[in-house]
Amino acid sequence: MEDCYKDRTSLMKGAKDIAREVKKQTVKKVNQAVDRAQDEYTQRSYSRFQDEEEDDDYYPPGETYNGEANDDEGSSEATEGHDEDDEIYEGEYQGIPSMNQGKDSIVSVGQPKGDVHKDRQELESERKLIIQECGHGRFQWALFFVLGMALMADGVEVFVVGFVLPSAETDLCIPNSGSGWLGSIVYLGMMAGAFFWGGLADKVGRKQSLLICMSINGFFAFLSSFVQGYGFFLFCRLLSGFGIGGAIPTVFSYFAEVLAREKRGEHLSWLCMFWMIGGIYASAMAWAIIPHYGWSFSMGSAYQFHSWRVFVIVCALPCVSSVVALTFMPESPRFLLEVGKHDEAWMILKLIHDTNMRARGQPEKVFSVNRIKTPKQIDELIEIESDTGTWYRRCFVRIRTELYGIWLTFMRCFNYPVRDNTIKLTIVWFTLSFGYYGLSVWFPDVIKHLQSNVLPIEKIEREKFSNFTVNLTIANELHIGAEYDNGRFLGIKFKSVTFKDSVFKDCTFKDVTSVNTYFKNCTFIDTVFDNTDFEPYKFIDSEFHNCLFFHNKTGCQITFDDDYSAYWIYFVNFLGTLAVLPGNIVSALLMDRIGRLTMLGGSMVLSGISCFFLWLGSSESMMVGVLCLYNGLTISAWNSLDVVTVELYPTDRRATGFGFLNALCKAAAVLGNLIFGSLVSFTKSIPILLASTVLVCGGLVGLRLPDTRTQVLM
């Protein structure tokens, strides 16, 4: 052996042999300890199996076991020694029922000799799914609510930026040129996060990936409520979006892998309701918190903590709750089987079984699976230079290796047999996201456009005012070429007021607050500014002659106690989110009855047709009604698309494929926001025809996807 290692040409082969042998011996020792710990739980079950084997009642009459008996059949040694010869497990966790135990129990996963002589239909009727023996009960419902909180956090993240944007623009003194970045930066973070965390979930596990990404989201979402600078706020929301981007692909992959086939479609649809609940939660909290500008405090003039920051903290609570609850949940047993950790998978499956049986009042019922076949694993030897490399070099090599592995897994999504499905799903995800998010942005912009037509800006041109005092609120006015001589502006509030080419002489501004107010090309002569919030950026190309500034406020002020427009915005979003409740209920009840594809294609086509009702929207109330109808129809398409996507990918690519498609969804949303946002002031026909066309085309492509209603997970 030593001569072999001296030969440099055989160094790598020898290293691989040692790694394989060490792994085998370590697993044997660990499994022996696990088996001893489990004896108290499974002694009755194992003794029954041994008695049946001794009585030759294990196999049906006329069949014999092709091999020698193994007393340690329940341990990993029975399978570990046959890794090179065992078959890869098919579909769901499969087992062969014992004739003595009836159809409800599963004894082991093996390869009876009589299988080759049986008809395929007869063999499939004899096989049972292990996950069916585990049952559907308390464990699945507990995981349902835990993962639902994570999905709820994703829904909150989508809505929270739109709700805080008006207040954040004011509080952080965001210029008009930079306000669009806040809405786009979150989607960019979610796009990158969906791809990265989805790929990582196929490498390190569903639970591990979800815990990390939700922790990142919660930390930076909480931190963003305290920062004062706009740049740092953008950075925090970017990383918050990057974290929450992994929620959807990981949550659906995780939950689908602990559901039996007949329960999968319905319960995945019920899980989708938490995204709607997140939207309702965000709308209700915004409605209750943000307009209350009195919920604030300040530390000097530099640090301001207003009500919208309280809203951001409250919106981080679902994420924090999901992280805490997720620490008590186990890893997906299907993922553990995929990576060869069959002993851990067996223990988790037994945990699921025992939890559900105790909830049913049957604690004496034992978990009768004692051996699970696993896929063949390819041993990998990665040199991280643990002896000579520095810590940062080891980290770099590890990160590079993981990223390369994620990329390889992603490329396998375009290999046979899932290549065609990936292409079709790409088209459906892009068209649905483009049409849905595009119109979702277009609706409120159109409502604002209607409101602006009702309340036009008052224009005052070339007028002269002398010896006056103003202490009222001035809003929505444009002053052009005006002259103000010996004027006093005391305790005044400026809202969306612009002074252009105007002259102020011997004037006084005292205790003044302003939002969206600018002085363009104005001249100030012998003017005093006392306790105002006029920042330098509000004076554009303006001149000052012998002017004085006292106690100037730093930061922008939110003091609009009489501004109730926020209530209307939040109420509209609340109604639009609540309108998807009937669609969620219908999709959950009919998902397994009419099929995923019928619901997907039908919902997208009906959504495209409903776009034509926009021509009737000539008022705010009618536009809100059409928005509710549109949201109610599209939610069924989203739910069925989530279910189909999970079911079309095998376990080793499920989260990666879902993450890629979800990232594409966010890219289409950004594109839809840009295109539809630029069409607000134009005719309605272009957005209506564009949205209707993409939705109908996507629905027709969705009908060409394979039907996954009756198939097990690959």
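Here the Cβ of each residue, glycine as well, is placed from N, Cα and C on the backbone.
Feature annotations, reproduced from TrEMBL:
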DOMAIN    143-709  domain 'Major facilitator superfamily (MFS) profile'
REGION    24-116  region 'Disordered'
TRANSMEM  141-166  transmembrane segment
TRANSMEM  178-197  transmembrane segment
TRANSMEM  209-226  transmembrane segment
TRANSMEM  232-256  transmembrane segment
TRANSMEM  268-290  transmembrane segment
TRANSMEM  310-329  transmembrane segment
TRANSMEM  425-443  transmembrane segment
TRANSMEM  567-590  transmembrane segment
TRANSMEM  597-616  transmembrane segment
TRANSMEM  622-646  transmembrane segment
TRANSMEM  658-680  transmembrane segment
TRANSMEM  686-705  transmembrane segment
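Proximity of the transmembrane segment (209-226) to the transmembrane segment (310-329) is established through 3 or more Cβ-Cβ distances under 8 Å for residue pairs spaced 6 or more apart.
Two recorded stretches are said to be in contact when at least 3 C-beta pairs lie under 8 angstroms, sequence spacing 6 or more; the transmembrane segment (686-705) and the transmembrane segment (310-329) fall short of this definition. Per-residue pLDDT, averaged across the domain 'Major facilitator superfamily (MFS) profile' (143-709), gives 82. Contact counts against the transmembrane segment (425-443), taken as Cβ pairs under 8 Å, peak for 658-680 among the stretches 141-166, 232-256, 310-329, 658-680. Only residues 6 or more beyond the boundaries of the transmembrane segment (232-256), in the same chain, are considered here, and those with a CB under 8 A from a CB of the stretch are 143-144, 147, 150-151, 153-154, 157, 161, 168, 172, 181-182, 185-198, 200-201, 206-207, 209-210, 213-221, 223-224, 264, 267-268, 271, 319, 332, 642, 645-647, 654-655, 658-659, 662-663, 666, 713. Counted over residue pairs separated by six or more positions, the transmembrane segment (141-166) shares at least 3 Cβ pairs under 8 angstroms with the transmembrane segment (567-590), which defines the two as touching.
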